[in-house]
Amino acid sequence: MHWPQPHEQPSAHPTTFVRRERNMNSCTSLLISLALCAFLFGRGAVGGGKEGLSYGFYKTTCPKAEQIVKEQVYKTYYIHGNSAISFHRNVFHDCSVEGCDASLLLESTADFRSEKESERNFGMRNFKYVNDIKDALEKECPGVVSCADLVVLSGRDGVAMLGGPHFEVKTGRRDTRVHTTEKDADTYLLPHDAGVDAFLDTMAKLSINAPQAIALIGSHTVGRVHCVHLVSRLYPTVDPTLNASYADYLKIRCPSPNPDPTAVEYSRNDRGTPMIFDNNYYKNVIELKGLLRLDNALFLDPRTKPYVMRMAQDRDYFNEQFIAGMSILTEHNVLTGSEGEIRKNCQWVN
(Lines of atoms letter the chains of each structure in order from A and count residues from 1; the text may use other names and numbers.)
(Lines give C-alpha, C1' and ligand atoms only; values in the text may rest on other atoms or scores of the structure.)
Protein backbone atom coordinates (compact mmCIF):
# COMPACT_ATOMS: atom_id res chain seq x y z
CA MET A 1 0.00 0.00 0.00
CA HIS A 2 1.31 3.43 -0.94
CA TRP A 3 1.38 6.01 1.84
CA PRO A 4 1.75 9.71 1.06
CA GLN A 5 4.82 11.81 1.52
CA PRO A 6 4.44 14.69 4.01
CA HIS A 7 3.18 17.04 1.30
CA GLU A 8 0.53 14.59 0.06
CA GLN A 9 -2.83 13.38 1.33
CA PRO A 10 -3.77 9.65 1.27
CA SER A 11 -5.32 9.19 -2.17
CA ALA A 12 -7.50 6.22 -1.26
CA HIS A 13 -8.83 7.89 1.83
CA PRO A 14 -9.11 11.64 1.21
CA THR A 15 -8.91 13.75 4.32
CA THR A 16 -11.55 16.23 5.30
CA PHE A 17 -10.40 19.69 6.22
CA VAL A 18 -12.57 21.17 8.91
CA ARG A 19 -12.21 24.24 11.07
CA ARG A 20 -14.65 24.53 13.96
CA GLU A 21 -15.06 27.40 16.34
CA ARG A 22 -14.76 26.16 19.90
CA ASN A 23 -17.07 27.21 22.71
CA MET A 24 -14.71 29.34 24.75
CA ASN A 25 -16.81 29.14 27.92
CA SER A 26 -17.28 25.41 28.13
CA CYS A 27 -14.95 23.14 30.04
CA THR A 28 -14.94 19.75 28.50
CA SER A 29 -12.80 16.79 27.82
CA LEU A 30 -12.93 13.24 26.91
CA LEU A 31 -11.09 10.03 26.48
CA ILE A 32 -11.16 6.67 24.90
CA SER A 33 -8.59 4.33 23.46
CA LEU A 34 -7.82 1.24 25.38
CA ALA A 35 -8.65 3.32 28.42
CA LEU A 36 -11.25 6.05 28.82
CA CYS A 37 -11.14 9.28 30.79
CA ALA A 38 -12.94 9.60 34.08
CA PHE A 39 -13.73 12.46 36.43
CA LEU A 40 -12.73 16.04 35.82
CA PHE A 41 -11.22 17.80 38.80
CA GLY A 42 -7.78 18.88 39.93
CA ARG A 43 -7.15 22.26 38.37
CA GLY A 44 -10.87 22.94 38.22
CA ALA A 45 -13.22 23.95 35.48
CA VAL A 46 -11.45 27.08 34.32
CA GLY A 47 -7.95 25.65 34.08
CA GLY A 48 -5.35 27.62 32.15
CA GLY A 49 -7.87 29.52 30.08
CA LYS A 50 -8.74 28.62 26.51
CA GLU A 51 -8.46 32.28 25.56
CA GLY A 52 -4.70 31.71 25.31
CA LEU A 53 -5.10 29.34 22.38
CA SER A 54 -5.31 30.42 18.74
CA TYR A 55 -4.96 29.09 15.22
CA GLY A 56 -1.45 29.67 13.92
CA PHE A 57 -0.09 30.52 17.37
CA TYR A 58 3.49 29.95 16.15
CA LYS A 59 3.09 31.93 12.93
CA THR A 60 5.74 34.47 13.89
CA THR A 61 7.75 32.67 16.58
CA CYS A 62 8.19 29.35 14.74
CA PRO A 63 6.50 29.47 11.33
CA LYS A 64 7.50 25.93 10.37
CA ALA A 65 6.34 24.31 13.64
CA GLU A 66 3.28 22.47 12.31
CA GLN A 67 5.09 21.51 9.12
CA ILE A 68 7.97 20.03 11.12
CA VAL A 69 5.61 17.98 13.30
CA LYS A 70 3.78 16.66 10.24
CA GLU A 71 7.00 15.76 8.45
CA GLN A 72 8.30 13.95 11.53
CA VAL A 73 5.03 12.01 11.95
CA TYR A 74 5.19 10.87 8.33
CA LYS A 75 8.89 10.06 8.59
CA THR A 76 8.31 8.00 11.71
CA TYR A 77 5.47 6.10 10.07
CA TYR A 78 7.90 4.61 7.56
CA ILE A 79 10.17 3.55 10.41
CA HIS A 80 7.44 2.18 12.68
CA GLY A 81 3.90 2.11 11.30
CA ASN A 82 2.26 1.78 14.71
CA SER A 83 3.69 5.14 15.74
CA ALA A 84 0.84 7.00 14.02
CA ILE A 85 -1.85 5.57 16.30
CA SER A 86 0.52 5.89 19.28
CA PHE A 87 0.68 9.64 18.66
CA HIS A 88 -3.10 9.74 18.59
CA ARG A 89 -3.48 7.72 21.79
CA ASN A 90 -1.14 10.14 23.54
CA VAL A 91 -3.74 12.88 23.11
CA PHE A 92 -6.42 10.90 24.94
CA HIS A 93 -4.17 9.75 27.74
CA ASP A 94 -2.53 13.13 28.28
CA CYS A 95 -5.53 15.43 28.01
CA SER A 96 -7.79 13.36 30.25
CA VAL A 97 -5.46 13.52 33.27
CA GLU A 98 -5.78 17.13 34.47
CA GLY A 99 -5.70 18.57 30.97
CA CYS A 100 -3.58 18.80 27.84
CA ASP A 101 -0.28 19.66 29.51
CA ALA A 102 2.18 16.92 28.51
CA SER A 103 2.04 15.36 31.97
CA LEU A 104 1.89 11.94 30.30
CA LEU A 105 5.41 12.38 28.93
CA LEU A 106 7.14 12.91 32.28
CA GLU A 107 9.38 10.11 33.53
CA SER A 108 9.39 8.68 37.02
CA THR A 109 11.87 10.00 39.56
CA ALA A 110 13.04 8.82 42.96
CA ASP A 111 10.14 10.76 44.49
CA PHE A 112 7.20 9.74 42.33
CA ARG A 113 5.95 7.18 39.86
CA SER A 114 4.78 8.86 36.68
CA GLU A 115 1.50 8.41 34.82
CA LYS A 116 3.28 5.96 32.52
CA GLU A 117 3.49 3.51 35.42
CA SER A 118 -0.29 3.22 35.75
CA GLU A 119 -1.91 -0.02 34.66
CA ARG A 120 -4.43 2.20 32.86
CA ASN A 121 -1.56 3.24 30.58
CA PHE A 122 -0.48 -0.34 29.90
CA GLY A 123 0.51 -0.64 26.25
CA MET A 124 1.36 3.02 25.73
CA ARG A 125 4.56 3.11 23.72
CA ASN A 126 6.71 4.83 21.08
CA PHE A 127 7.46 7.80 23.33
CA LYS A 128 10.96 7.95 21.87
CA TYR A 129 9.48 9.25 18.64
CA VAL A 130 7.90 12.13 20.54
CA ASN A 131 11.41 13.02 21.66
CA ASP A 132 12.57 12.94 18.03
CA ILE A 133 9.87 15.45 17.08
CA LYS A 134 10.85 17.67 20.01
CA ASP A 135 14.49 17.54 18.94
CA ALA A 136 13.53 18.68 15.43
CA LEU A 137 11.47 21.54 16.84
CA GLU A 138 14.23 22.61 19.22
CA LYS A 139 16.71 22.66 16.35
CA GLU A 140 14.44 25.01 14.40
CA CYS A 141 13.07 27.15 17.27
CA PRO A 142 14.74 26.54 20.64
CA GLY A 143 12.44 26.91 23.64
CA VAL A 144 9.37 27.94 21.64
CA VAL A 145 7.05 24.98 20.96
CA SER A 146 5.57 23.18 23.95
CA CYS A 147 5.42 19.43 24.39
CA ALA A 148 1.67 19.81 25.04
CA ASP A 149 1.19 21.31 21.57
CA LEU A 150 3.47 18.64 20.13
CA VAL A 151 1.21 15.94 21.57
CA VAL A 152 -1.91 17.48 20.04
CA LEU A 153 -0.36 18.21 16.64
CA SER A 154 1.27 14.80 16.26
CA GLY A 155 -1.95 13.10 17.35
CA ARG A 156 -3.92 15.05 14.77
CA ASP A 157 -1.38 14.28 12.04
CA GLY A 158 -1.22 10.61 13.02
CA VAL A 159 -4.93 10.26 12.29
CA ALA A 160 -4.52 11.92 8.88
CA MET A 161 -1.49 9.73 8.14
CA LEU A 162 -3.74 6.69 8.55
CA GLY A 163 -6.40 8.02 6.21
CA GLY A 164 -8.61 9.70 8.79
CA PRO A 165 -9.87 13.28 8.74
CA HIS A 166 -7.51 16.20 8.96
CA PHE A 167 -8.69 19.10 11.08
CA GLU A 168 -7.36 22.39 12.37
CA VAL A 169 -6.37 22.72 16.03
CA LYS A 170 -5.50 25.75 18.09
CA THR A 171 -2.06 25.94 19.68
CA GLY A 172 -0.49 27.90 22.50
CA ARG A 173 -0.53 25.27 25.27
CA ARG A 174 2.22 25.21 27.84
CA ASP A 175 3.69 22.29 29.76
CA THR A 176 2.93 21.48 33.37
CA ARG A 177 5.57 21.60 36.07
CA VAL A 178 3.40 19.39 38.29
CA HIS A 179 4.48 15.78 38.65
CA THR A 180 1.24 13.89 38.21
CA THR A 181 1.51 10.24 39.15
CA GLU A 182 0.24 6.79 38.36
CA LYS A 183 -2.44 7.33 41.01
CA ASP A 184 -3.70 10.36 39.09
CA ALA A 185 -3.92 8.25 35.94
CA ASP A 186 -5.73 5.53 37.91
CA THR A 187 -8.26 8.13 39.01
CA TYR A 188 -8.93 9.75 35.66
CA LEU A 189 -8.72 6.81 33.26
CA LEU A 190 -11.40 4.14 33.20
CA PRO A 191 -10.28 0.51 33.13
CA HIS A 192 -10.21 -1.55 29.97
CA ASP A 193 -13.38 -3.43 30.98
CA ALA A 194 -15.55 -0.36 31.62
CA GLY A 195 -19.23 -0.69 30.71
CA VAL A 196 -21.65 1.58 28.89
CA ASP A 197 -23.04 3.18 32.06
CA ALA A 198 -19.59 4.21 33.28
CA PHE A 199 -18.68 5.42 29.82
CA LEU A 200 -21.79 7.54 29.34
CA ASP A 201 -21.69 8.90 32.87
CA THR A 202 -18.09 9.95 32.40
CA MET A 203 -18.78 11.62 29.08
CA ALA A 204 -21.81 13.45 30.48
CA LYS A 205 -19.75 14.87 33.34
CA LEU A 206 -17.29 16.12 30.77
CA SER A 207 -20.04 17.66 28.59
CA ILE A 208 -19.33 15.22 25.78
CA ASN A 209 -22.52 14.17 24.05
CA ALA A 210 -23.27 10.64 22.95
CA PRO A 211 -22.42 10.87 19.22
CA GLN A 212 -19.12 12.62 19.97
CA ALA A 213 -18.18 10.03 22.57
CA ILE A 214 -19.07 7.11 20.34
CA ALA A 215 -17.14 8.64 17.46
CA LEU A 216 -14.09 9.04 19.66
CA ILE A 217 -14.15 5.41 20.67
CA GLY A 218 -14.08 4.69 16.95
CA SER A 219 -10.33 5.28 17.27
CA HIS A 220 -10.30 1.58 18.08
CA THR A 221 -10.49 1.02 14.34
CA VAL A 222 -6.67 1.17 14.38
CA GLY A 223 -4.24 -0.39 16.80
CA ARG A 224 -4.21 -3.53 18.86
CA VAL A 225 -5.09 -4.91 22.29
CA HIS A 226 -2.75 -7.04 24.38
CA CYS A 227 -4.02 -10.43 25.48
CA VAL A 228 -3.81 -9.24 29.10
CA HIS A 229 -6.94 -7.20 28.38
CA LEU A 230 -8.70 -9.88 26.33
CA VAL A 231 -8.50 -13.11 28.27
CA SER A 232 -11.26 -12.23 30.73
CA ARG A 233 -13.66 -12.46 27.77
CA LEU A 234 -12.32 -15.87 26.75
CA TYR A 235 -11.53 -17.82 29.92
CA PRO A 236 -12.83 -19.77 31.76
CA THR A 237 -15.89 -19.26 29.56
CA VAL A 238 -16.47 -17.11 26.51
CA ASP A 239 -18.29 -13.82 26.97
CA PRO A 240 -21.80 -14.47 25.56
CA THR A 241 -21.75 -11.04 23.86
CA LEU A 242 -18.76 -12.12 21.76
CA ASN A 243 -19.21 -13.60 18.27
CA ALA A 244 -18.45 -17.32 18.65
CA SER A 245 -16.21 -17.67 15.59
CA TYR A 246 -14.38 -14.52 16.56
CA ALA A 247 -13.85 -15.91 20.06
CA ASP A 248 -12.23 -18.97 18.48
CA TYR A 249 -9.88 -16.69 16.56
CA LEU A 250 -9.02 -14.73 19.71
CA LYS A 251 -8.20 -17.94 21.54
CA ILE A 252 -5.61 -18.62 18.85
CA ARG A 253 -4.16 -15.17 19.40
CA CYS A 254 -4.37 -15.56 23.20
CA PRO A 255 -4.00 -19.29 23.95
CA SER A 256 -3.41 -18.88 27.69
CA PRO A 257 -5.70 -17.41 30.36
CA ASN A 258 -2.55 -16.01 31.98
CA PRO A 259 -0.62 -14.20 29.25
CA ASP A 260 2.81 -12.76 29.85
CA PRO A 261 2.38 -8.96 29.90
CA THR A 262 5.90 -8.55 28.49
CA ALA A 263 5.28 -10.87 25.55
CA VAL A 264 4.10 -9.72 22.12
CA GLU A 265 0.66 -11.31 22.40
CA TYR A 266 -2.19 -9.25 20.99
CA SER A 267 -4.99 -8.97 18.48
CA ARG A 268 -5.59 -6.17 16.02
CA ASN A 269 -8.69 -4.09 16.61
CA ASP A 270 -9.75 -4.45 13.00
CA ARG A 271 -8.62 -7.46 11.00
CA GLY A 272 -10.00 -6.04 7.75
CA THR A 273 -8.20 -2.69 7.51
CA PRO A 274 -5.92 -2.73 10.56
CA MET A 275 -3.84 0.30 9.58
CA ILE A 276 -6.56 2.54 8.11
CA PHE A 277 -8.51 5.02 10.19
CA ASP A 278 -11.99 4.28 8.86
CA ASN A 279 -15.42 3.35 10.21
CA ASN A 280 -14.87 -0.42 10.18
CA TYR A 281 -14.89 -0.41 13.98
CA TYR A 282 -18.66 0.05 13.92
CA LYS A 283 -19.16 -2.64 11.28
CA ASN A 284 -17.20 -5.03 13.46
CA VAL A 285 -19.13 -4.36 16.64
CA ILE A 286 -22.43 -4.83 14.78
CA GLU A 287 -21.14 -8.36 14.16
CA LEU A 288 -20.15 -8.57 17.87
CA LYS A 289 -16.47 -8.62 16.96
CA GLY A 290 -15.31 -5.85 19.25
CA LEU A 291 -12.21 -6.63 21.29
CA LEU A 292 -13.11 -4.84 24.50
CA ARG A 293 -16.28 -5.47 26.47
CA LEU A 294 -17.45 -1.92 25.89
CA ASP A 295 -17.20 -2.24 22.10
CA ASN A 296 -19.96 -4.80 21.64
CA ALA A 297 -21.92 -3.30 24.52
CA LEU A 298 -22.29 -0.04 22.60
CA PHE A 299 -24.14 -1.91 19.88
CA LEU A 300 -26.29 -3.89 22.29
CA ASP A 301 -27.35 -0.89 24.37
CA PRO A 302 -30.43 0.93 22.98
CA ARG A 303 -29.01 4.29 24.08
CA THR A 304 -25.94 3.99 21.87
CA LYS A 305 -26.94 1.52 19.15
CA PRO A 306 -28.44 4.15 16.79
CA TYR A 307 -25.15 6.05 16.69
CA VAL A 308 -23.16 2.85 16.10
CA MET A 309 -25.49 1.95 13.24
CA ARG A 310 -25.29 5.38 11.64
CA MET A 311 -21.50 5.60 11.89
CA ALA A 312 -21.18 2.15 10.34
CA GLN A 313 -23.20 3.39 7.37
CA ASP A 314 -21.96 6.97 7.10
CA ARG A 315 -18.23 7.61 7.33
CA ASP A 316 -18.70 11.35 6.87
CA TYR A 317 -20.94 11.46 9.94
CA PHE A 318 -18.34 9.53 11.91
CA ASN A 319 -15.63 11.98 10.82
CA GLU A 320 -17.79 14.97 11.70
CA GLN A 321 -18.54 13.76 15.20
CA PHE A 322 -14.96 12.62 15.72
CA ILE A 323 -13.62 16.06 14.88
CA ALA A 324 -16.15 17.71 17.19
CA GLY A 325 -15.06 15.44 20.06
CA MET A 326 -11.37 16.00 19.38
CA SER A 327 -11.92 19.75 19.37
CA ILE A 328 -13.31 19.50 22.89
CA LEU A 329 -10.60 17.17 24.10
CA THR A 330 -7.62 19.11 22.80
CA GLU A 331 -8.70 22.32 24.54
CA HIS A 332 -9.38 20.75 27.90
CA ASN A 333 -7.90 22.49 30.92
CA VAL A 334 -4.89 23.92 29.11
CA LEU A 335 -2.10 26.05 30.52
CA THR A 336 -1.41 29.25 28.57
CA GLY A 337 0.38 32.58 28.82
CA SER A 338 2.79 32.62 31.74
CA GLU A 339 1.47 29.39 33.28
CA GLY A 340 3.60 26.27 33.25
CA GLU A 341 6.67 26.26 31.04
CA ILE A 342 8.08 25.25 27.66
CA ARG A 343 10.08 22.13 28.40
CA LYS A 344 13.45 21.65 26.75
CA ASN A 345 13.01 17.90 27.04
CA CYS A 346 9.51 16.46 27.14
CA GLN A 347 10.52 13.81 29.67
CA TRP A 348 11.60 16.24 32.39
CA VAL A 349 10.53 19.58 33.83
CA ASN A 350 13.12 22.31 33.25
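Placement of Cβ uses the backbone N, Cα and C atoms for every residue, glycine included.
Predicted automatically and left uncurated, TrEMBL annotations should be read as such.
Features of the protein shown, as given by TrEMBL:
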{"type": "DISULFID", "residues": "Cys62-Cys141", "note": "disulfide bond"}
{"type": "SITE", "residues": "Arg89", "note": "site 'Transition state stabilizer'"}
{"type": "ACT_SITE", "residues": "His93", "note": "active site, proton acceptor"}
{"type": "BINDING", "residues": "Asp94, Val97, Gly99, Asp101, Ser103, Glu115", "note": "Ca(2+) 1 binding site"}
{"type": "DISULFID", "residues": "Cys95-Cys100", "note": "disulfide bond"}
{"type": "DISULFID", "residues": "Cys147-Cys346", "note": "disulfide bond"}
{"type": "DISULFID", "residues": "Cys227-Cys254", "note": "disulfide bond"}
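Positions of the features from TrEMBL, shown on the structure.
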residue: Cys62; record: disulfide bond; Cβ contacts under 8 Å, 6 or more apart: Leu137, Glu140, Cys141, Val144, Val145
residue: Asp94; record: Ca(2+) 1 binding site; Cβ contacts under 8 Å, 6 or more apart: Cys100, Asp101, Ala102, Ser103, Leu104, Leu105, Ala148, Val151
residue: Glu115; record: Ca(2+) 1 binding site; Cβ contacts under 8 Å, 6 or more apart: His93, Val97, Ser103, Leu104, Leu106, Asn121, Thr180, Thr181, Glu182, Asp184, Ala185
residue: Cys254; record: disulfide bond; Cβ contacts under 8 Å, 6 or more apart: Cys227, Leu230, Val231, Leu234, Glu265, Ser267
residue: Cys346; record: disulfide bond; Cβ contacts under 8 Å, 6 or more apart: Ala102, Leu105, Val130, Asn131, Lys134, Cys147, Leu150, Asp175
Alpha-carbon distance [Arg89 (site 'Transition state stabilizer'); Gly99 (Ca(2+) 1 binding site)] in Å: 14
Local Cβ density at Gly99 (Ca(2+) 1 binding site) - other Cβ atoms counted within 10 Å: 25
Euclidean distance between Cα atoms of Arg89 (site 'Transition state stabilizer') and Cys95 (disulfide bond), Å: 10
Ca(2+) 1 site, defined by Asp94, Val97, Gly99, Asp101, Ser103, Glu115: further same-chain residues with Cβ within 8 Å of the Cβ centre: His93, Cys95, Ser96, Glu98, Cys100, Ala102, Leu104, Thr176, Thr180, Asp184
Candidate with the highest Cβ count within 10 Å, taken from the recorded positions Val97, Cys141: Val97
